[in-house]
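*Asks:* Dumping the structure here so I can ask a few things about it.
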Amino acid sequence: MLNLLYNQIFNVILNDVPTPYNTYFQDSATPNQEGILELHDNIMFYLLVILGLVSWLLFTITRTYSKNPIAYKYIKHGQTIEIIWTIFPAVILLIIAFPSFILLYLCDEVISPAMTIKAIGLQWYWKYEYSDFINDSGETVEFESYVIPEDLLEDGQLRLLDTDTSVVVPVDTHIRFVVTAADVIHDFAIPSLGIKVDAAPGRLNQVSALIQREGVFYGQCSELCGTAHSAMPIKIEAVSLPAFLEWLNEQ
């Protein structure tokens, strides 16, 4: 009991999976997702300020009008207030827009990737290729990843999220994901990593990730792609570099 209490107080339990009634983001594991969280929190501050100001104005005007309906009957222009309600929203939009564009372009940058993983969406599973590595047969390391049926789930496994094979990657390594599809449009999305990129047939899209901690991160296809769209989970295991090399030798 004391050990459980100690762990709850002093150990940080990170949320890397969807949880019931959760109204916020999953915990970030990459700089991109940290930037998204910071941008969201900053924008929410300005939205709350605007909400408070508009609510106060609405309440004040309604109360004043109810007391004296003809108080401003002969006022046709209010140059000062017109200048304020034109400039103030423009300034707010600029304050929001600049960080948004900076983050948008930073997320699109692929900085000297140490390894490339190709993710191919198919109805209704994912196929992965480690293009930089060749096995003993002289072929690139590749495998398919299917959702584990509900009746085969073991204790601790997640419904519609766990897969029979995982994408294993090393931490603190610049990784490039090249995403495409072989049939219809899919979407490769992992919330904790700040990744969401379309997988379109005949088109290669790329996104980078620098995973900063070990863990298991889940995602799903985020583009309606057919009857089994919900059965296209993504499971990424971030491990230490020695553990990754050991896994690679087994392939």
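Just so you know, glycine gets a Cβ as well, placed from its N, Cα and C.
Taken from Swiss-Prot, the feature Cu cation A1 binding site covers HIS186, CYS221, CYS225, MET232. Positions annotated as Cu cation A2 binding site by Swiss-Prot, on the basis of similarity to another entry: CYS221, GLU223, CYS225, HIS229. As annotated by Swiss-Prot, Mg(2+) binding site applies to GLU223, with the evidence given as similarity to another entry. The feature signal peptide is assigned by Swiss-Prot to 1-15. Per Swiss-Prot, topological domain 'Mitochondrial intermembrane' is recorded for 16-41, 104-251. Marked as topological domain 'Mitochondrial matrix' by Swiss-Prot: 63-82. What Swiss-Prot records for 42-62, 83-103 is transmembrane segment.
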*Asks:* List the residues of the same chain that sit at least 6 positions away from CYS221 (Cu cation A1 binding site) in sequence and have their Cβ under 8 Å from its Cβ, in sequence order, or write 'none'.
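*Replies:* Correct list: GLY121, TRP124, HIS186, ASP187, PHE188, ALA189, HIS229, MET232, PRO233, ILE234.
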*Asks:* Return the count of C-beta atoms lying within 10 angstroms of the C-beta of GLU223 (Cu cation A2 binding site), excluding that atom itself.
*Replies:* 19
*Asks:* Out of HIS186, HIS229, give me whichever of these binding-site residues has the highest number of other Cβ atoms within 10 Å.
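*Replies:* Comparing the binding-site residues HIS186, HIS229, the most crowded Cβ belongs to HIS186.
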*Asks:* Looking only at residues six or more beyond either end of the transmembrane segment (83-103), which have a C-beta under 8 A from one in the stretch?
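*Replies:* Apart from its flanks, the transmembrane segment (83-103) reaches 35-36, 39, 42-43, 46, 50.
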*Asks:* Within 10 Å of its Cβ, which one of these binding-site residues (CYS225, MET232) has the largest number of other Cβ atoms?
*Replies:* MET232
*Asks:* Sort the residues of the topological domain 'Mitochondrial intermembrane' (104-251) into helix, strand and coil with DSSP and give the three counts.
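*Replies:* Going by DSSP assignments, the topological domain 'Mitochondrial intermembrane' (104-251) contains 24 helix, 69 strand, 55 coil.
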*Asks:* List, in sequence order, the residues of the same chain other than HIS186, CYS221, CYS225, MET232 whose Cβ lies within 8 Å of the centroid of the Cβ atoms of the recorded Cu cation A1 site.
*Replies:* GLY121, GLN123, TRP124, ASP187, ALA199, GLN220, SER222, GLU223, GLY226, HIS229
*Asks:* Could you name the residues, excluding CYS221, GLU223, CYS225, HIS229, of the same chain that surround the Cu cation A2 site, i.e. Cβ within 8 Å of the Cβ centre of those residues, in sequence order?
*Replies:* GLY121, TRP124, VAL184, ILE185, HIS186, ASP187, SER222, LEU224, GLY226, MET232
*Asks:* Taking the topological domain 'Mitochondrial matrix' (63-82) alone, what is its mean pLDDT?
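*Replies:* Reported value for the topological domain 'Mitochondrial matrix' (63-82) is a mean pLDDT of 70.
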*Asks:* From the DSSP assignment alone, can you count helix, strand and coil residues within the topological domain 'Mitochondrial intermembrane' (16-41)?
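*Replies:* Once the DSSP states are binned, the topological domain 'Mitochondrial intermembrane' (16-41) shows 11 helix, 0 strand, 15 coil.
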